[in-house]
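Here is what Swiss-Prot records for this protein:
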type     : residues : note
TRANSMEM : 23-43    : transmembrane segment
TRANSMEM : 56-76    : transmembrane segment
TRANSMEM : 107-127  : transmembrane segment
TRANSMEM : 128-148  : transmembrane segment
TRANSMEM : 155-175  : transmembrane segment
TRANSMEM : 182-202  : transmembrane segment
TRANSMEM : 243-263  : transmembrane segment
TRANSMEM : 291-311  : transmembrane segment
Amino acid sequence: MRMRETQGAQGRGRNAPPFLRTILAYIALTKPRVIELLLVTTIPAMLLADRGDVNPLLILNTLLGGVMAAASANTLNCVADADIDKVMKRTARRPLAMSSVTTRNALIFGVVLGVGAFAWLWWTANLLSGLLAVATIAFYVFVYTLVLKRRTAQNVVWGGAAGCMPVMIGWSAVTNTIQWPALVMFAVIFFWTPPHTWALAMRYKEDYRAAGVPMLPVIATEEKVTKLILVYTWLTVLSTLALALAAGVIYAVVAFLAGVWFLAMAHQLYSGVRKGQPIRPLRLFLQSNNYLAVVFCALAVDSVVGWPTLFQL
């Protein structure tokens, strides 16, 4: 959910009045398309935490706090990455790369969003969810962006942990604790992130090379990259099946069928590279979004329907 995340808002505002262009630039800083992952995973996590019997107001408040936290992390990421965003074609139209927003104002905006996220979640949910939001922002900015991203090809493996946190925040907002289903959901997204991101990086590896970012497709052969994509895809699917122990039959069936489909795409990509055939990594990137959405939507439906879990059958 990363491609073209900032170009849409700014593109629509090119002929807008200056005030509106400024608003759109600040919206673009938050990378709205990246925030979609929050919506796709947080609601199902909250529904599973209480088997569908969750106060709708709590869901809305948690989503608002989560959106502010994600927007804060993404904005501060833009501040830290402004130099390489100017080099990469895919990110050259981001607000700081185009000087649509000053670095100082972007930094203030990101910090205010982060403080607001913590305060809102503490006030409307509980302290644990607020602290998890702060930890997510800090990890994404200081560990992933400032340390891992420019130093190791495993950047998205460990840095991807930040994208797993919305399920933890959602679960803790309902239960005020962290239990094993939340950890399994964390694992699903953790293992899903590398194949999702590496598929995109295969398409834009020259961009990353020019910016000096050692993404795996930049420093490794296509065969090695697609092999690791396949390994992490298997780990993703196995994690979704493990989650079936806490969910019901609807989720189990959908997770299995979606997993077969996702694995087929990953195997096809790996096989294509080994046979020297033309490959379409961007297709896997796009379809991985659909896969995650299908699995978590099935989890939400299962939780609301309230059919017996596999433990109860």
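Easy rule for this one: first residue shown is 1, then count along the chain.
Cβ from N, Cα, C; glycine included.
Same-chain neighbours of the transmembrane segment (128-148): 62, 65-66, 69, 72-73, 76-77, 80-81, 114, 117-122, 154-155, 158-159, 161-162, 165, 168-169, 172-173, 176-178, counting only residues six or more beyond its ends whose CB sits under 8 Å from a CB of the stretch. Same-chain residues lying 6 or more positions outside the transmembrane segment (155-175) and placing a CB less than 8 Å from one of its CB atoms are 37-38, 41-43, 45-46, 48-50, 54, 58, 61-62, 65-66, 69-70, 73, 121, 125-126, 128-129, 132-133, 135-136, 139-140, 143-145, 148-149, 181-182, 185-187, 189-190, 193-194, 197-198, 213-216.
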